[in-house]
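Engineer: Straight out of Swiss-Prot:
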- 23-254: topological domain 'Extracellular' (TOPO_DOM)
- Asn155: N-linked glycosylation site (CARBOHYD)
- Cys170-Cys184: disulfide bond (DISULFID)
- Asn183: N-linked glycosylation site (CARBOHYD)
- Asn229: N-linked glycosylation site (CARBOHYD)
- Cys234-Cys235: disulfide bond (DISULFID)
- 255-275: transmembrane segment (TRANSMEM)
- 282-302: transmembrane segment (TRANSMEM)
- 317-337: transmembrane segment (TRANSMEM)
- 338-429: topological domain 'Cytoplasmic' (TOPO_DOM)
- 430-451: transmembrane segment (TRANSMEM)
- 452-468: topological domain 'Extracellular' (TOPO_DOM)
Amino acid sequence: MAARGSGPRALRLLLLVQLVAGRCGLAGAAGGAQRGLSEPSSIAKHEDSLLKDLFQDYERWVRPVEHLNDKIKIKFGLAISQLVDVDEKNQLMTTNVWLKQEWIDVKLRWNPDDYGGIKVIRVPSDSVWTPDIVLFDNADGRFEGTSTKTVIRYNGTVTWTPPANYKSSCTIDVTFFPFDLQNCSMKFGSWTYDGSQVDIILEDQDVDKRDFFDNGEWEIVSATGSKGNRTDSCCWYPYVTYSFVIKRLPLFYTLFLIIPCIGLSFLTVLVFYLPSNEGEKICLCTSVLVSLTVFLLVIEEIIPSSSKVIPLIGEYLVFTMIFVTLSIMVTVFAINIHHRSSSTHNAMAPLVRKIFLHTLPKLLCMRSHVDRYFTQKEETESGSGPKSSRNTLEAALDSIRYITRHIMKENDVREVVEDWKFIAQVLDRMFLWTFLFVSIVGSLGLFVPVIYKWANILIPVHIGNANK
């Protein structure tokens, strides 16, 4: 009986042990899972606790220093992402930049061991003290950058890199437009603090261009920064100036402005290649003059209205317009000479005959004109011959003499007209070569030195690019 009773009791004891072991296993698994989920939650709680402790008595309007005479040193740097536009008319330079600023905030320090090993936090810039560094030479009323988050380290180092879109004033020198080189500057400094309270330290002399997006019209030759101080009767104010030396890419203006202007100036030369009796000579000159006026108006819309300097292309257009005006005057004079005759003008002077009928044609490679004036003419009447005994013969001779004199007179008139026409041709040929020479020399003299100087500007390798 005792043996039979001990068997069921042992079985029940074994089942009880397995049930307890299973429950303990489930409880352990649940506890492990709960411990695994509690770790991120504890990090968030640590960061919440850190922020509450840091900003419980924090006042963002108060300069974060321990003593009144302590100064905050701001490490300042500039990175450019895009040169958006250079407005020559309004003398503005539009840029997208990043303002790199770093300083020590003694009120934002903590021990990472007390907050779960947290060493870096990110808070909005509106929640902490930030230096009021602005762009002094801004032209659109926006002096500050965009509000972004700051990166704060456990030792109190605050890093703030806000992006900004600036329209800064820039004095544009259009003397060598479109082969010009501009120097635009951006001046940064504190708006209210003097140097004894906030000092600016230049982080890097060169502007960071690692993320720069190329512009289709302008190329940055150099972008460097320098520190300066402005003093008045009581205080000194530090500032940082970044100078951007930019070079224009003139391909667009060369194709659509300079080459058409040069072509129009050479069209003026072709006016003198037309025959002197063609009235289209004046029409061609007038059309060229109107076209140059249109180009001058186009340039006036691009460049600023200034009386200090005259742009190179403007000088060339004015030179060409004077050139065309002179060609119109010369053409009118040549047409007038072409239509002269003995009945409208006096006899041609011997010096004019010698120069324009003999000397100049040889120099201009023209076919020599027949010398009708320096050839000795035979006397038509050598004296009184023997009297004819017949009256009919004398009458016939008188008639022949009359006809001969009339024909010779007509020939002389025709020769005078042809001589004037030939002089007009000589003038056209002379001014053709003269204007062609002046056009070539003037174009080369104006553009070649400037283009050579522009082409030899070296683009230095930027430090930021070298460190990529």
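Quick reminder: no glycine exception, Cβ is built from N, Cα and C everywhere.
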Engineer: May I ask which of the recorded positions Asn155, Cys170, Asn183, Cys235 is closest to Asn229 (N-linked glycosylation site) if we compare their C-alpha atoms?
Structural biologist: Cys235
Engineer: Near Cys170 (disulfide bond) in space, meaning Cα within 10 angstroms, which of the recorded positions do we find among Asn155, Asn183, Cys234, Cys235?
Structural biologist: Asn183
Engineer: Tally every other Cβ atom lying within 10 Å of the Cβ atom of Cys235 (disulfide bond).
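Structural biologist: 12, counting other Cβ atoms within 10 Å of Cys235 (disulfide bond).
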Engineer: Among the disulfide-bonded residues listed here (Cys170, Cys184, Cys234), identify the one with the smallest other-Cβ count within 10 Å.
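Structural biologist: Each of the disulfide-bonded residues Cys170, Cys184, Cys234 was scored by Cβ atoms within 10 Å; lowest is Cys234.
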Engineer: Taking the topological domain 'Extracellular' (23-254) alone, what is its mean pLDDT?
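Structural biologist: The answer is 86, the mean pLDDT of the model over that range.
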Engineer: Could you list the residues of the same chain, at least six apart in sequence, whose Cβ is under 8 A from the Cβ of Asn183 (N-linked glycosylation site)?
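Structural biologist: Asn183 (N-linked glycosylation site) has long-range Cβ partners Ser243, Phe244, Val245, Ile246.
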Engineer: Sort out the sequence-distant neighbours of Asn155 (N-linked glycosylation site) for me: same chain, 6+ apart, CB within less than 8 Å of its CB, listed by position.
Structural biologist: Ile104, Arg109
Engineer: Expressed to the nearest Å, what is the distance separating Cys234 (disulfide bond) and Cys184 (disulfide bond) at their Cα atoms?
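Structural biologist: Cys234 (disulfide bond) to Cys184 (disulfide bond), Cα-Cα distance: 31 Å.
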Engineer: At the Cα level, what's the spacing in Å between Cys184 (disulfide bond) and Cys235 (disulfide bond), rounded?
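Structural biologist: Each residue's Cα considered, Cys184 (disulfide bond) and Cys235 (disulfide bond) end up 28 Å apart.
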Engineer: DSSP three-state call for Cys184 (disulfide bond): helix, strand or coil?
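Structural biologist: Looking at the DSSP assignment, Cys184 (disulfide bond) belongs to a strand.
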Engineer: Through the lens of DSSP with three states only, how would you label Cys170 (disulfide bond)?
Structural biologist: coil
Engineer: According to DSSP, collapsed to three classes, what secondary structure does Cys235 (disulfide bond) have?
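Structural biologist: The residue in question, Cys235 (disulfide bond), is coil (DSSP, three-state).
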Engineer: Using a 10 Å cut-off, grab the number of neighbouring Cβ atoms around the Cβ of Asn229 (N-linked glycosylation site), all chains included.
Structural biologist: 12
